[in-house]
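Undergrad: Under the heading transmembrane segment, TrEMBL lists B:16-37, B:44-60, B:66-85, B:97-122, B:142-163, B:191-213, B:225-252, B:273-296.
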């Protein structure tokens, strides 16, 4: 077994063991922290499909996170106010059921990704970066202006949504649900890497001219990757909203989009567990450094600068040695 | 709805657009010459505003504040170019995004550390306070009019610099071919530092000028940065002319949209719903403009054909 | 006369004031190797671009098996049966030799959106990729990364990827580029055997290879075809000797 595989197993074991320990020793805050890390990991795993395999530097992935969050917020808001979402041409009621909310979050974030992808994937390089960033800001301002759903203040959901057979109000049960979804996304990512689509997408990043010359269209490959990527990040957004029982325009903020990329780089690019390692490290630093200094972002910025300038492999690179780099 | 109101809003749009141009010009120069995408450009805007506010408060002179903004932002720009940015020129865009994102964190938190979380206020200088009477009975704030004039003068200076001076020749050569400027015997390191500091000074100037009509606070730079990106996407990367046209389009669309779209919807909707719909749509207007340009010309109005 | 597999009809392309191709009409017949030669800047790259679909001609048409494919982009022409190789190898350097060949097989199969089954276990794709690698003599290197291959092996892999497409015709852009005598001889032997499967339009600078392989030759100078004929005819053509071979010899 390679050192990277051992590292992945250790991370996974830690993600199972730590919250269980916290649960037994009655430390719900630790579980909440771990849940946050797992959900952010899921969002970054989604981004990594576009960025790591497809080479698409999307600086607007918070859009999908926000769409997923608002899908949850809107459905749950209508359920808790007993007002139907729409009455014409057919009645749509709100819901407090997680599976339904997840489905809606995935479908809508995929649709938004399709729209943004159709426009932004016509370009590449810096244009793509700036355009995804700009569309992210568009959704941010739209959410602020959308006073029916809280506008700038966002909206609170009083009770966490339910999942059949579980009590999601128990932190460790909700955590388990999130962890299962993260593992499913990682498994899908691993299968994807070995599949025809993974092969073609990976080649489209390295040698698009070759991909065209064998009769494949890089644009379609990238578009599908972008849609899948957006859908997974959207699912994470729905979970994040449920964790906080609150949605607001900050879920669309460009800082969040930047942080998703940071998770991937700090963890290690082109590594299956890179986003997970990065998100866990970020949440841990946020907690511990944030406790030490109000200005911990300075130290985090310096760390990030150091990783980008000097340590190309990220955390996994340091621990597991050089793998396939992204250049 | 009167013609005077329309004229006022057009002037507001021009004023906003010309300030955006100061941001976008630096970004597009830096990209055109060095191939670098700089997210920290908004931080330099913020640095300019804080320098101006601090110095104006200490000395009571707005002019000294402006000098401080130019000097402070240029110095900050030169410093980060020497320490960080020059290591990024031959890196891919992903690394550039991350490193300059890290710089935003450092600048924002560093500023919060020094100045605290509360906004600073920069007063409009007394000589430029109050309205001025324009033809056709238009009363318009003198300061905003001054911003338009200053912006146009700077824009003209920039075009002159690039078209007529030795350094301009080097910049244009650098946009076309790095090896050529090396062959011309130009010190590339110094040229790059100069271009970066120039872009930073323009951003700092914009931050200081706008700081007097908005509050000076941490995080003020990034929304402007993103609008400057929209400007560049519309105008075409690397084109100063594109940056000017794009900035004016964005400035006018944003300003006129937020005033007139709700009015437009009131023609055929209930007032409350019209205000809501108009506000939502106007918040998206410039991005819709960007999307339309992308469909029509993916490399922007004045961008090189891919 | 048998119908041409690949045909260009009056291709024109100008870049600003530069006329890169001017009224270029070339035919590639079944079973032949048709070489296009010409000095640097003659418009050979532009011609390849127009044939493969990367460059849109100002005027003229490209026909593949009698069908007008001018409106198709690069992927469409590849699907229609045109396999090209690149002057500068276009290979996924991080991937293995087998993966690069699999990409070609995947393109030929035309179903790249399968996300669940491992590509290496799909029998038909793998068989096709391995057969192509065997054909060019890279079976032993199948598991190596392209980054680890020698330049000569990369040139062979270029041909192997084109082979996986089982095309109607090959369009090869300087396959011998950068090869030494030995590598050049090996690739010449390989191409010699390929013409029976599908004819080859060969753009090449290596004159030994051209004279060894070509059934017919077209000479491109300043964007125009100044001569077209058998090897013997071209060798004897005074215009060619003056415009081109005279410079080279």
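Glycine is no exception: its Cβ is also placed from the backbone N, Cα and C atoms.
What you are looking at is a predicted structure, and each value in this text was computed from that prediction instead of being measured.
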Undergrad: Answer with yes or no whether the transmembrane segment (B:191-213) touches the transmembrane segment (B:66-85) by the criterion of at least three Cβ pairs under 8 A, sequence separation 6 or more.
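TA: In this chain the transmembrane segment (B:66-85) contacts the transmembrane segment (B:191-213) - 3 or more Cβ pairs sit under 8 Å.
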Undergrad: Are the transmembrane segment (B:191-213) and the transmembrane segment (B:44-60) close, by which I mean at least 3 Cβ pairs under 8 Å that are 6+ residues apart in sequence?
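TA: As far as Cβ distances go (cut-off 8 Å, pairs 6 or more apart), the transmembrane segment (B:191-213) and the transmembrane segment (B:44-60) touch.
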Undergrad: As a test: from B:16-37, B:97-122, B:273-296, pick the stretch that has the greatest number of Cβ pairs under 8 Å with the transmembrane segment (B:44-60).
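TA: That would be B:97-122.
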Undergrad: Find the member of B:16-37, B:97-122, B:142-163, B:225-252 that has more C-beta pairs under 8 Å to the transmembrane segment (B:273-296) than any other listed stretch.
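TA: Most Cβ pairs under 8 Å with the transmembrane segment (B:273-296) come from B:225-252.
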Undergrad: Is the transmembrane segment (B:97-122) packed against any residues at least 6 beyond its ends, judged by a Cβ distance under 8 Å, and which are they?
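TA: Same-chain residues near the transmembrane segment (B:97-122) but 6 or more away: 37-40, 42-43, 46-47, 49-50, 52-54, 56-57, 62, 65, 76, 80, 84-85, 87-88, 91, 208, 211-212, 215-219, 222.
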Undergrad: Below 8 angstroms Cβ to Cβ, which residues of this chain, lying six or more residues outside the transmembrane segment (B:16-37), approach it?
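TA: Hits for the transmembrane segment (B:16-37): 44-45, 85, 88-89, 93, 96-97, 100, 147-148, 151-152, 154-155, 158, 171, 174-175, 191-192, 195-196, 198-203, 205-206, 209-210, 224-225, 227-229, 231-232, 235, 237-240, 242-244, 246-252, 254-255.
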